[in-house]
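Right, one structure below, let's go through it.
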Amino acid sequence: MDATACNESVDGSPVFYLLGIPSLPETFFLPVFFIFLLFYLLILMGNALILVAVVAEPSLHKPMYFFLINLSTLDILFTTTTVPKMLSLFLLGDRFLSFSSCLLQMYLFQSFTCSEAFILVVMAYDRYVAICHPLHYPVLMNPQTNATLAASAWLTALLLPIPAVVRTSQMAYNSIAYIYHCFCDHLAVVQASCSDTTPQTLMGFCIAMVVSFLPLLLVLLSYVHILASVLRISSLEGRAKAFSTCSSHLLVVGTYYSSIAIAYVAYRADLPLDFHIMGNVVYAILTPILNPLIYTLRNRDVKAAITKIMSQDPGCDRSI
C-alpha cells in the first residue's frame, strides 16, 4: 500500500493493536491463558533450577556448564520478552502496545533468537575441543576464552537485528496499526505498515537465513569432526562415553532447529494466518521448556546436582 494512504497519528507515533489469534473464540481465552501461564512457570522454574545447580555445585564449574548457564539465561529472557504480554492479552484483553514498546519487543525477540543460535555453536565448539583435542582442552577452553566466546555470541546477536529494527521504525503506519500476532514479531509488524513491505520482508528473510543456517552449518561441521574422532576410539565403552557427553547438546540443537522448521513451514503463503501465528508461538515456547528437561534427564552431572539440591533439608542445622 502507498504510504500516502496512511492515516498517521499527529505526533508521528502510531499505536500497535495485537489481534492475537484471530479465529480463536473469546471463550477459549481463559484456558489458553492458563496453558501459557503453566508453560511460562515451567520455563522459569526449569531454567532457574539449572542456574542454581550449576552455580551451587563446584563439580559443574566447567566450560560446558558455563555455556549452559548462558543458554538457560537466554531461555528465561527469550520467553519473558513475549509471554507476559501474551498472558495479559488473553486474561485482560490488553492488546495495545506503544510504538517504542513494540519495537523493543521485536528487537529483543530477534536478539535472543540470534543469541541462542550462536551459544549453541559455542557449545558445539566446546564439545569438539573436548573430544578431538582432549589434552589441549584445559588450555584452549580456559576461563578467559570461555568468557570471550560467550560475550562475542551475545554482542553479535545484540548488534545483528539493529538495521532491520531501524528500517522497520522508519516505515509508515496508521495511527492504530493492527498486528496479526500475539506479540511484535518482525514480519507481522512489517505487514502492519502501509509502506511497501517487500524490502523489509526480504531483509528479515535474509537475516533469518543467515542466523538459522550458518550456525547450523558450523554445528554440523563440529559434529563431523567429533564423529570421526569417536570412530577412531577402539573400545565400545570409550565411544559410548564420548557420545554421551554430546547427547544433551545434540538433543537441544535438534529441538531448536525443529522449532525453527515449524515456524518456517507455518509461514507458507497457502496456509491460514493462524498457522503463521501458532508456528511462531510454538517456536517461542518449545525450546525454552524442553532444554531444562533434556539436561536434567540426559546429563548425569546436572541430574545429580539438582537431586542433591532438592534433597537438602532446609531445616537442618548449619555450622556457624
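Each Cβ is built from the backbone N, Cα and C atoms, and glycine gets one as well.
A quick note: this is a predicted structure, and the numbers were derived from the prediction, not measured.
These come from Swiss-Prot:
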- C102-C184: disulfide bond (DISULFID)
- N7: N-linked glycosylation site (CARBOHYD)
- 1-31: topological domain 'Extracellular' (TOPO_DOM)
- 53-62: topological domain 'Cytoplasmic' (TOPO_DOM)
- 84-102: topological domain 'Extracellular' (TOPO_DOM)
- 124-145: topological domain 'Cytoplasmic' (TOPO_DOM)
- 167-200: topological domain 'Extracellular' (TOPO_DOM)
- 222-245: topological domain 'Cytoplasmic' (TOPO_DOM)
- 267-276: topological domain 'Extracellular' (TOPO_DOM)
- 298-320: topological domain 'Cytoplasmic' (TOPO_DOM)
- 32-52: transmembrane segment (TRANSMEM)
- 63-83: transmembrane segment (TRANSMEM)
- 103-123: transmembrane segment (TRANSMEM)
- 146-166: transmembrane segment (TRANSMEM)
- 201-221: transmembrane segment (TRANSMEM)
- 246-266: transmembrane segment (TRANSMEM)
- 277-297: transmembrane segment (TRANSMEM)
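Same-chain residues lying 6 or more positions outside the transmembrane segment (246-266) and placing a CB less than 8 Å from one of its CB atoms are 71, 116-117, 120, 123-124, 127, 131, 212, 216, 219, 223, 226, 275-280, 282-283, 286-287, 290-291, 294-295, 298-299. Listed in sequence order, the residues of the same chain lying 6 or more apart from C184 (disulfide bond) and placing their CB within less than 8 Å of its CB are F16, L18, L97, C102, L103, Q105, M106, F109. Between the transmembrane segment (103-123) and the stretches 32-52, 63-83, 146-166, 201-221, 277-297, Cβ pairs under 8 Å are most numerous for 146-166.
Taking Cβ pairs closer than 8 Å, the topological domain 'Cytoplasmic' (222-245) reaches residues 64, 121, 124-125, 127-128, 130-132 in its own chain, all 6 or more past its ends.
In this model, the topological domain 'Cytoplasmic' (298-320) carries an average pLDDT of 68.
Secondary structure at C102 (disulfide bond), as computed by DSSP, is helix.
Residues 63, 66-67, 70, 103, 106-107, 110-115, 117-119, 121-122, 125, 186, 200, 203-204, 207, 211 of the same chain, all 6+ positions outside the transmembrane segment (146-166), place their C-beta atoms under 8 angstroms from a C-beta of that stretch. C102 (disulfide bond) is surrounded by 26 other CB atoms, counting those within 10 A of its CB over all protein chains shown. Beyond its flanks by at least six residues, the transmembrane segment (32-52) meets 21, 24, 68-69, 72-73, 75-76, 79, 83-84, 86-87, 90-91, 285, 288-289, 291-293, 295-296, 302, 306, 309 of its own chain at Cβ-Cβ distances under 8 Å. Within the chain carrying the topological domain 'Cytoplasmic' (53-62), a Cβ under 8 angstroms from the stretch's Cβ atoms is held by residues 68-69, 301-302, 305-306, 308-309, all 6 or more beyond its ends. Listed as Cβ neighbours of the topological domain 'Extracellular' (84-102) (distance under 8 Å, sequence separation of 6 or more from its ends, same chain) are residues 13-20, 29-30, 32-33, 36-37, 40, 169, 173, 179, 182-184, 189, 281. With a cut-off of 8 Å between Cβ atoms, the residues of this chain six or more beyond the topological domain 'Cytoplasmic' (124-145) that come close are 63-64, 67, 218-219, 222-223, 225-226, 229-230, 242, 245-246, 249, 253.
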